[in-house]
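J.: Structure below; questions to follow.
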Amino acid sequence: MKPRPEPRTPPPLAGLLPWQSGFLAFVVGVFAYRAPVEAGLGLAVLMVADTMLRGWARRLPLLTLVLCAVFGLAYAAQRAPEPLETPPWMESGRPVVVRGVVDRVEPREDRRLRLVLRDMVCLTDDGQVALPGRLVWNWRMPAYDPLPGQRVEARLRVVPVRGFGNPGGWDFEWYWLRQGVNWRGWTGGKPLLVWGERPSATLGELKADLRRAVADRLPDTPGGGVVLALLTGDRSTMDASTTQAVRAAGLAHTLALSGLHVGFVAALGMGLAWLAGWLRPSLMLRIPRPKLAVLLAAPLVLGYVWLGQPSSSLIRAATMYAFWGALLLQGRGRVLMDGLFFALAVIVFVSPLSVYDLGLQMSALAVAGIGLMHRRIRPLVSGGAGAVRAVLGFAWGVLAVSLCASISLLPLVSWYFGTLAPNILLNVIWIPALGFAVMPLGIMGMLLALPAPTAPLGGLLLGLAARIMDQLLALLQLLADAGLTPVSSVLRPLWPEVFGFGLLLLAALTAWANRRVMAGLAALGFLLLVGPHVAVMVSDARGIVRLSLIDVGLGQAALVTMPGGHRWLVDGGGGSRTFDLGEAVVAPYLTLGRPPRLDGVIMSHPDNDHSRGLSFILAGFNVGTFHTNGLMPTGESGEEMRAALGRSGLAPVPLVAGQRLGLGGDVRFEVLHPARDFRASGSNERSLVLRLAAGDRGLAILPGDMERTGTAAVLASGADLTADILVLPHHGSRSSLSPPFYRAVDARAALCSDGFMNRFGFPHPEVVEALGIPLFATSRHGLVSAQWHGAGPVAIRANLP
């Protein structure tokens with residue numbers, strides 16, 4: 001009988017070098033440029049954790065870390081871009097002729113192109129005017145494939161880059177400003193699109209020819225579209241359903257070209273090194289196989305990065321590979337963590353604002369998580385002899401890597417996306433299939449497809465890669481149909497909770513080496529995790545009723561919050577077929593520091609700009625009840641909502657005038673419209689009109705998109721319309737203008753959900769003049785809230801000044 005092996009003690013956690021701690025403080029300082037409070041907390045956590053891990057005698061001077069953070073803040077301020085002033089001609093919203101040079105071409109899903117233009121002039125009523133900065137333009141179903149450096153003349157409606165002004169939301173404006181993009185353009189007015197002469201004998205032309213050669217030899221299937229995206233970064237032949245299926249399976253990171261794919265390409269270098277050693281064993285005496293693999297993979301990595309746009313994520317991944325390779329060639333230890341820090345230091349020095357880039361954050365955290373946790377998790381399941389045990393050991397190795405990365409990314413993914421796809425086991429199948437089959441076959445097929453003599457063989461290999469990917473996608477669809485790839489909405493952690501999670505994870509990693517340090521880190525992490533929830537509970541107990549108009553662009557979504565944390569959502573924004581406002585804007589606001597739970601959802605009417613964002617909410621949130629005006633969306637929006645209702649088990653409950661909905665305590669919705677016998681041709685006129693009331697006090701009127709016919713019916717009903725706040729009907733359109741209605745409400749202020757520089761000019765100047773009261777619009781102020789505390793006056797707060 002063989003003696004049982006002694007359990008292996010995990011190796012001690014390697015500490016940070018002093019310069020690495022200083023670099024982290026520098027990064028915190030860069031973050032302080034946009035989030036000073038959060039960065040201040042992060043610096044304090046870094047100081048405490050660094051002191052605990054080093055010990056009091058070996059601690060770094062706190063002033064050193066503070067100075068590093070101050071230097072980071074100053075460096076970020078010096079490099080940060082400023083928004084450009086909006087020219088007067090742009091405020092009219094009329095299309096103009098734009099002449100410029102193509103700076104970047106990014107093929108996107110559903111046969112779209114994202115073009116970035118530079119060196120622009122615009123032909124306005126006042127003549128030719130230079131437009132500084134860059135402009136991003138999304139072109140749908142392009143009939144032409146432009147090249148960088150090519151001139152173009154197009155008629156576009158140009159507006160400044162602007163995001164959604166909601167607390168804790170993704171800042172689209174900052175995202176584009178960091179790339180030097182100040183303007184957005186949409187095709188408008190009489191079509192005009194004239195292309196200049198194509199640049200010849202350029203690397204851009206060579207890249208386009210290579211992509212075209214690959215695309216021509218791939219089958220027109222979902223798998224073929226994915227293979228083209230993986231090899232060249234061209235996602236134009238991928239459809240939205242494929243992207244959504246991969247996201248639902250928790251595998252979206254495998255489609256965004258990043259360090260994972262650079263790793264796949266680098267693995268080819270290892271394969272070539274093994275082949276070289278097999279063909280000429282004496283070569284291994286002159287250069288070790290790992291070093292040979294680094295040298296052989298280098299040109300493959302460079303070529304792959306060049307072909308994939310190159311995107312910023314690929315450039316960063318190649319930088320990390322360069323440092324890892326350099327350390328390996330020097331025979332250094334701690335290659336993974338030291339190489340990560342060296343690469344990050346170079347990246348941040350060259351582009352300090354890249355620390356705000358989600359891709360860099362996720363790459364750095366994933367690599368750090370693997371470097372810190374893998375050697376502790378991997379030995380939990382040993383390999384052993386035998387083919388079966390070897391296969392199981394390999395599968396566990398892949399799963400362990402995915403597990404380490406997933407754990408380290410958990411707070412970041414929760415904060416940015418508010419969703420989790422707990423389908424980590426799929427990584428065991430998907431990632432090896434990509435790394436050992438799809439990518440090698442695709443790369444070899446691409447290289448062989450260029451010379452004419454080997455082109456048929458190249459096409460065969462590309463087709464094989466596409467067929468494997470089609471089978472993988474079919475597997476995802478099978479699992480999705482069986483309900484095995486759920487996507488769950490989750491609470492988006494506040495920043496103290498993110499830091500608390502990190503400290504608890506660090507405590508777990510140090511548990512074997514120093515229990516005193518582990519206890520200190522765990523206690524601090526626990527306080528940071530619990531503290532925000534206590535603050536939310538105290539806030540909910542204050543007895544405040546709040547109406548918040550969420551900034552969803554040209555649409556509407558209103559949240560009513562009552563004491564005790566009870567919440568009702570009225571409409572969910574929407575309108576775009578390719579951008580789900582419910583998932584990207586409404587849900588992230590609702591889950592910031594709170595669980596995905598609503599007492600009820602009300603759809604005022606089924607127009608897309610009010611209803612389309614609700615499908616994600618109904619499917620992913622715990623919703624108590626769902627009310628409508630008796631009408632449901634049709635077409636694609638209707639299919640999405642019916643599917644969401646099927647998953648949630650909810651049934652729509654229609655409301656009619658005269659009903660009341662209790663929201664908690666004496667707070668209620670009074671339904672003022674439509675009456676049961678009301679008839680109108682359009683859905684706008686049948687919008688639910690709700691009066692938010694508490695006791696005998698009217699708080700707010702929410703009239704949906706009601707226009708003149710519906711307004712006349714409400715006035716004729718004789719219902720009490722008085723309220724402190726009026727949400728403008730139909731975003732303040734002229735068709736909803738009704739001075740008698742405004743007088744009947746007798747509001748102290750009006751709120752308007754419109755879109756920044758929207759093409760309809762909402763709110764209409766005549767409406768603003770007829771109101772005669774303060775107006776707060778989401779296009780100007782972002783999220784706007786009106787709140788009531790007891791019998792006190794209404795208080796209005798805007799997210800943007």
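Cβ atoms here come from the backbone N, Cα and C positions, even for glycine.
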J.: Using TrEMBL as the reference, determine which range in 360-378, 740-758 is annotated transmembrane segment.
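T.: Of the candidate stretches, TrEMBL labels 360-378 as transmembrane segment.
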J.: Can you find at least 3 Cβ pairs under 8 Å between the transmembrane segment (429-450) and the transmembrane segment (519-538), where each pair is 6 or more residues apart in sequence?
T.: no
J.: Could you tell me the mean pLDDT the prediction assigns to the domain 'DUF4131' (42-190)?
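T.: 92, rounded to a whole number.
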J.: So what's near the transmembrane segment (336-354) in sequence-distant terms, Cβ-Cβ under 8 Å and 6+ beyond its ends?
T.: 14, 20, 23, 26-27, 30, 72, 75-76, 79-80, 178, 312, 316, 319-320, 322-324, 326-327, 360, 364, 367-368, 370-372
J.: Between the transmembrane segment (390-417) and the transmembrane segment (494-512), are there three or more C-beta pairs closer than 8 Å, counting only pairs 6 or more apart along the chain?
T.: yes
J.: For the transmembrane segment (360-378), I need the partner stretch with the highest count of C-beta pairs below 8 angstroms, choosing only from 457-479, 494-512, 519-538.
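T.: Checked against 457-479, 494-512, 519-538; highest Cβ contact count belongs to 494-512.
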J.: Do you know the DSSP helix, strand and coil residue counts for the domain 'Metallo-beta-lactamase' (553-673)?
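T.: Across the domain 'Metallo-beta-lactamase' (553-673), DSSP assigns the residues as follows: 35 helix, 33 strand, 53 coil.
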